[in-house]
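See structure below.
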Amino acid sequence: MTDSHATGDMPRVTIYTDGACRGNPGPGGWGAVLRYGQHEKTLKGGEAVTTNNRMELMAAIQALRTLTRACDVALWTDSEYLRKGITEWIHGWVKRGWKTAAKQPVKNAELWRELLAETQRHRIEWHWVKGHSGHEGNELADTLANAATDEIQAAKRQAMAGEQ
């Protein structure tokens with residue numbers, strides 16, 4: 001997944017991510033849109049019992065994991081938790097052995113570790129966009145996240161119907 005419009009020798013990729021959850025915890029999904037040149041790739045997935053923050057993290061992890069080589073990435077999210085977590089808070093968490101400033105264990109630490117590992121391969125600019133504000137890339141990621149959530153809920157209903 002690369003783009004001929006590169007910064008230096010790194011391909012330039014734009015990523016939009018979003019997470020969704022019905023109930024918190026509850027069934028949830030994540031969606032990602034990756035754009036490079038004239039190409040677009042969409043990704044989605046979900047879990048039967050999760051949280052909105054876990055789905056926001058999964059969207060970014062899976063999108064970055066999809067890139068086959070080091071890239072110059074502009075990643076857009078409507079989650080301040082994700083953006084601030086990876087750009088501001090994570091450095092302190094690592095220094096404190098994955099504890100918060102209040103000495104509590106960091107929530108979703110295993111996902112933050114995965115995200116941190118994925119970021120090491122790329123040069124990433126993290127951007128925040130207001131959710132549900134008509135931003136086309138974010139809206140598409142939101143649609144994918146909700147579609148994944150719908151699929152999780154449908155599979156659960158089907159499994160429950162089969163048990164009767």
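Cβ atoms are placed via backbone N, Cα and C, with glycine included.
Swiss-Prot annotations:
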- 9-150: domain 'RNase H type-1' (DOMAIN)
- Asp18, Glu56, Asp78: Mg(2+) 1 binding site (BINDING)
- Asp18, Asp142: Mg(2+) 2 binding site (BINDING)
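Positions of the features from Swiss-Prot, shown on the structure.
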residue: Asp18; record: Mg(2+) 1 binding site; DSSP class: strand
residue: Glu56; record: Mg(2+) 1 binding site; DSSP class: helix
residue: Asp78; record: Mg(2+) 1 binding site; DSSP class: coil
residue: Asp142; record: Mg(2+) 2 binding site; DSSP class: helix
Those binding-site residues listed as Glu56, Asp142, and which of them has the most Cβ atoms within 10 Å of its own Cβ
Glu56
Please name the residue among the binding-site residues Asp18, Asp78 whose C-beta has the most neighbouring C-beta atoms within 10 angstroms.
Asp18
Between the Cα atoms of Asp18 (Mg(2+) 1 binding site) and Asp142 (Mg(2+) 2 binding site), find the distance and write it as a whole number of Å.
5
Would you mind reading off the Cα separation of Asp142 (Mg(2+) 2 binding site) from Asp78 (Mg(2+) 1 binding site), to the nearest angstrom?
10
Given the model, what does the mean pLDDT over the domain 'RNase H type-1' (9-150) come out as?
97
